[in-house]
């Protein structure tokens, strides 16, 4: 990507609720996944090897910008990246996901956890960001982190879970230890995100993949206070802050209360319905990624409906309701990106005339 190309700040403007010439679009898990170049790379390197080599990681991160024409890049990393450096023995296993050999079972386990020093512990993350921002991208780079609940659920369950029984039992039966764990993880997330911003990330998205397992009462009691602290500390960095979780539409109003800029929605809550619930901040979403496997006519119809709802305010970013599946045709994402740009640009021109 040539440095001489004009910087495309459409995503940043929309995140702040400002007027744009078209609706910005990017896709969760746009980096890697379905791209043939990425698959070829994965034949030789594993996830950890790619993420630890800045040149390779930068290549994977910028591929969708070059191929799809999206308005933002998101760093190619895993939410588990910082955990080993605070003392969590985690391994990413093919076909399973993150596996932790010694799950958290007590306050004593939490007390053993250390602190993250990003420049010392994850220099490869920061070098990747600097490489992208200084030399390769003409769009904003989104940094990210996992959220305390999701990270804690892996640490307590020992890996992926369908019901998070152990996590919820721990939360309710040992509330003081739970708060200690939330605070430890929040400290890590804050310094990790700030380091990404200092290296050049222009926005931060916090992924709470599994928080939809909680009801609103539990979220407000056990999670919301620590999320408020995280976003309050990060807001001083003056970059857009985004919140997203899967199956967590019932928590969208609580996210809106937090000191953040963008509320990410999955496909379960329509944008009009979110607005009726009082969400006035920028909304990001929310095409069901499953539809990317459907014929183009189906995708176009649904994308148009989402755009018509989202464009009722300036604060709208088009995205999926979750990540890109590996079997999605890259040409579909390229076509969808062009459609979002063209349809929204024409509609905005019409609205202003």
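Glycine is no exception: its Cβ is also placed from the backbone N, Cα and C atoms.
Per Swiss-Prot, the feature substrate binding site maps to 29, 30, 31, 32, 33, 78, 154, 209, 322. Marked as site 'Transition state stabilizer' by Swiss-Prot on the basis of sequence analysis: 78.
Residue 154 (substrate binding site) has a Cβ environment of 26 other Cβ atoms inside 10 Å.
The secondary structure of residue 154 (substrate binding site), as reduced to three states from DSSP, is helical.
Comparing residue 33 (substrate binding site) with residue 78 (site 'Transition state stabilizer'), their Cα atoms are 13 Å apart once rounded.
DSSP gives residue 33 (substrate binding site) a coil state; it is part of no helix or strand. Annotation for the recorded positions 29, 31, 33, 78, 322: lowest Cβ count within 10 Å of the residue's own Cβ, 78. Counting in whole angstrom, residue 322 (substrate binding site) lies 15 from residue 78 (site 'Transition state stabilizer') by their C-alpha atoms.
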